[in-house]
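**Student:** The structure is given below, and queries will be raised subsequently.
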Amino acid sequence: MRLGGRLSAAIEILADIEARRRPVADALKDWGLSHRFAGSKDRAAIGNLVYDALRRKRSYGARMEEETPRALVSAAALETLVSGPQALYAALEGDRFAPELPGAEALSRFLDDDAHQAPAAVKADIPDWLAPHFEAAFGEDWVAEAAALSDRPPLDLRVNTLKSDRETVLAALKPFSPEPCALSPVGVRIAPIEGDGRHPNVQVEAGFQKGWFEIQDEGSQLAALLSGAMPGGQVLDFCAGAGGKTLALSGAMENSGQIHAHDADRQRLAPIYDRLKRAGVRNAQVHDPRDDLSSLEGAMDIVLIDAPCTGTGTWRRRPDAKWRLSEAALAKRTAEQDAVLAAASAFVKPGGTLVYVTCSVLGVENADRVEAFLDRNAGGFLPIDMAARWAEILPDVSPAYRAVPIAGVAAGGLMLSPRISGTDGFFIAALQAAS
Ligand SMILES: C[S@@+](CC[C@H](N)C(=O)[O-])C[C@H]1O[C@@H](n2cnc3c(N)ncnc32)[C@H](O)[C@@H]1O
């Protein structure tokens, strides 16, 4: 396909996402199924245009003075593929599949106006109602923090130390120019996609099949490490889902002690069995949602809550979620978070640790939930200083977080973000149970 066909496809897919309010991954998959002539390079290029247009929908729309799919896709092409309006028109010349684009004047205006005059929420590329939440979370940095959630993300891998080591994985993936992650000692990073390129499908690599590595954002790797799981411990992964954290915990625990992997949703849990097998995990026991967990009550060294959340920290990867999020959905999540904290806390042994993690940057899902939990459990739990914990668990890694005060502890929680730590946005807090 030439550029014209790719732009037309991206416009069609964006219109579909908007009309049917469907996830971007589903829309792209369906388009691919009904356009089998499109090669993998075409699909990648179309996907990039769609994702970029969604990531910066508001600022592109404002700079284009038009928030239509054709305006957004033109903006994405101008920012990532061609050097200016003339180059764009030239690339489409004589291409019968090319869409009708906004005029040269609109395209030039887009490039001239870098949206500096736009309201803060437009520059930040977020819905207006979320602006106060971002301001509360990041103070005067909030626009830059939110805007960084619109960048293209890297592809991060976690080396499975049960089966391999970082040098081996770096060597096995050499054709893709991997680098060691800056923060996670078990992380490997493949840089964000440039232009119309694509990330390699690392899951077809022999190393992946052999269980040498998993796809996992560096922030998620750090959250697992900062939970403090050590060899020989008893750990309940209360919201295990597909097992990303379970696998990381098993690595940190060197396959010893015991991890109980639980989730309320059987379907989400389903992939965990294959993943555990491939990774060579022998210290994890999966609990069906219907299982009786009462024998674990008051017995766990660590209970990890990787809480259901809005996922604002992952908007680089799921930009459509940013525009779908509603105040009602946020309220539903915070209620779930309170319920999960209450339920999971019963499993912590005296002196043990309750770890609370979200992939959201919103204070109402993070410190506010932990403080509400502490209020309801007066004296039962105390926040741990997470800056001290970082220094203890990651002694050779410079601090790369925003300290979040909780109940009088200055670094009661840590926040990671694309701008602060070069990772997805995460919040990590740990509470120690009274002995
Ligand atoms: C952020 S996801 C977990 C991701 C997973 N830990 C990983 O690293 O791949 C949150 C999970 O919480 C689960 N969940 C929601 N409410 C729950 C509850 N009340 N009890 C247990 N799990 C719950 C959801 O089914 C979902 O799988």
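The backbone N, Cα and C atoms fix where each Cβ goes, glycine too.
Annotation source TrEMBL lists domain 'SAM-dependent MTase RsmB/NOP-type' at 145-434. For ASP263, ASP306, the entry in TrEMBL reads S-adenosyl-L-methionine binding site. The active site, nucleophile annotation in TrEMBL covers CYS359.
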**Student:** Using Cα coordinates, what distance in whole Å links ASP306 (S-adenosyl-L-methionine binding site) and CYS359 (active site, nucleophile)?
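**Tutor:** Between the alpha carbons of ASP306 (S-adenosyl-L-methionine binding site) and CYS359 (active site, nucleophile) there are 8 Å.
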**Student:** Hey, what's the Cβ neighbour count for ASP306 (S-adenosyl-L-methionine binding site) at 10 Å?
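**Tutor:** Summing over all protein chains shown, ASP306 (S-adenosyl-L-methionine binding site) has 25 other Cβ atoms within 10 Å.
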**Student:** I want to check the contact list for CYS359 (active site, nucleophile): same chain, sequence separation of six or more, C-beta distance under 8 angstroms. What comes out?
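**Tutor:** Listed in sequence order: GLY219, SER220, CYS309, GLY311, THR312, GLY313, THR314, ASP424, GLY425, PHE426.
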**Student:** Please list, in sequence order, the residues in the chain of ASP263 (S-adenosyl-L-methionine binding site) that are at least six apart in sequence and whose C-beta is under 8 Å away from its C-beta.
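**Tutor:** PHE238, CYS239, ALA240, GLY241, LEU269, PRO289 - these are the non-local Cβ neighbours of ASP263 (S-adenosyl-L-methionine binding site), listed in sequence order.
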